[in-house]
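What Swiss-Prot records for 1-18 is signal peptide, and it gives sequence analysis as the kind of evidence. Annotation comment: Swiss-Prot describes ASN136 as N-linked glycosylation site, evidence class sequence analysis. The annotation active site, nucleophile is assigned in Swiss-Prot to GLU216 on the grounds of similarity to another entry. What Swiss-Prot lists as active site, proton donor is GLU221, and the listing cites similarity to another entry.
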Amino acid sequence: MAQTLAAASLVLVPLVTAQQIGSIAENHPELKTYRCGSQAGCVAQSTSVVLDINAHWIHQMGAQTSCTTSSGLDPSLCPDKVTCSQNCVVEGITDYSSFGVQNSGDAITLRQYQVQNGQIKTLRPRVYLLAEDGINYSKLQLLNQEFTFDVDASKLPCGMNGALYLSEMDASGGRSALNPAGATYGTGYCDAQCFNPGPWINGEANTLGAGACCQEMDLWEANSRSTIFSPHPCTTAGLYACTGAECYSICDGYGCTYNPYELGAKDYYGYGLTVDTAKPITVVTQFVTADNTATGTLAEIRRLYVQEGMVIGNSAVAMTEAFCSSSRTFEALGGLQRMGEALGRGMVPVFSIWDDPSLWMHWLDSDGAGPCGSTEGDPAFIQANYPNTAVTFSKVRWGDIDSTYSV
């Protein structure tokens with residue numbers, strides 16, 4: 001079931017300048033989530049998801065001309081932020097399934113490919129969790145809490161990545177006079193890679209070609225053969241628009257990575273292994289503070305899995321400052337303490353599926369990081385051999401430690 005928002009509510013725009021709101025209403029797919037407590041149990045929430053602004057059509061007001069070209073913003077329509085906002089209109093998405101997003105109750109499936117007009121189209125959908133109001137993002141404060149979800153990764157071959165992570169995006173998506181669309185239309189994305197998000201940044205025109213930096217907690221980057229989780233601290237709070245060389249020093253793009261295979265547990269995760277990817281998996285991530293309070297300093301990130309009524313612990317040690325001490329820049333950029341500060345302020349859940357045309361996902365599942373061969377991650381190989389690749393996330397819940405799962 002989908003939640004329809006009137007076009008007059010808000011507009012979306014690719015991470016930069018949000019334009020005016022068009023006439024096509026946004027139709028957010030509902031994704032039921034759960035808030036859990038030690039005493040009260042888990043209570044359902046009427047939340048939904050929204051596609052990133054870059055998936056939306058943004059065009060000249062009163063015309064069909066796109067406000068972007070193959071090389072970025074159309075300079076005749078968007079010479080600056082203010083003019084761009086006045087000239088351009090963002091339209092809603094009515095059919096999320098055509099973008100590879102399908103929902104059913106408390107489950108969401110993301111598809112990499114879809115046959116359109118007789119040809120296979122690559123989709124790579126990325127969606128953000130909206131609060132029950134459908135206007136702002138759901139920002140979770142997870143210090144001394146846990147975040148849990150079920151995942152079916154069985155249809156993700158080598159070279160694919162079905163990800164669920166947290167981003168310190170603004171709750172409103174950067175809503176402003178120049179960005180009336182805001183979170184309702186998927187504006188405001190940022191992560192620790194500080195990549196240039198394209199024509200838009202925080203819902204405004206990205207006329208400077210800035211990168212969008214913010215703290216990122218990768219809860220789950222995985223396919224059926226390999227998995228990692230990793231915190232990525234930054235020296236700044238919230239979205240920071242970087243330029244030039246500073247884009248490589250604001251955040252820890254590498255992060256402190258926990259990869260069971262890389263740590264020597266080669267028979268731990270995969271088809272028919274200890275964590276069996278042929279079956280649905282319950283993934284639990286706990287953010288433990290030094291004093292076991294919601295205001296304490298993040299001291300440890302624990303991971304456990306539940307399958308067929310059994311709890312499966314970490315394959316090796318837990319993630320602590322000591323574990324992360326050898327990471328490239330993790331400690332210098334604030335380490336677990338800085339990551340914990342972002343978790344305390346609140347972070348937005350992000351769901352995505354993608355391939356890797358540049359590195360073929362070797363950093364996740366090959367070259368010592370996993371068992372995949374050197375050519376299995378080639379996107380052309382994946383499309384030819386696994387056209388139905390997809391990931392399903394379900395039963396997303398968060399709350400007090402040990403309150404979100406049972407055995």
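Cβ coordinates are placed from backbone N, Cα and C, and glycine is handled just like the others.
Features recorded in Swiss-Prot, as mapped to the structure shown.
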residue : record                      : contacts (Cβ under 8 Å, 6+ apart)
ASN136  : N-linked glycosylation site : LEU130, ALA171, SER172, GLY173, GLY182, ALA183
GLU216  : active site, nucleophile    : TYR165, LEU166, SER167, GLU168, ASP191, ALA192, GLN193, PRO231, HIS232, CYS251, GLY255
GLU221  : active site, proton donor   : ASN161, ALA163, TYR165, THR227, ILE228, PHE229, SER230, LEU364
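In the three-state DSSP assignment, the secondary structure recorded for ASN136 (N-linked glycosylation site) is coil.
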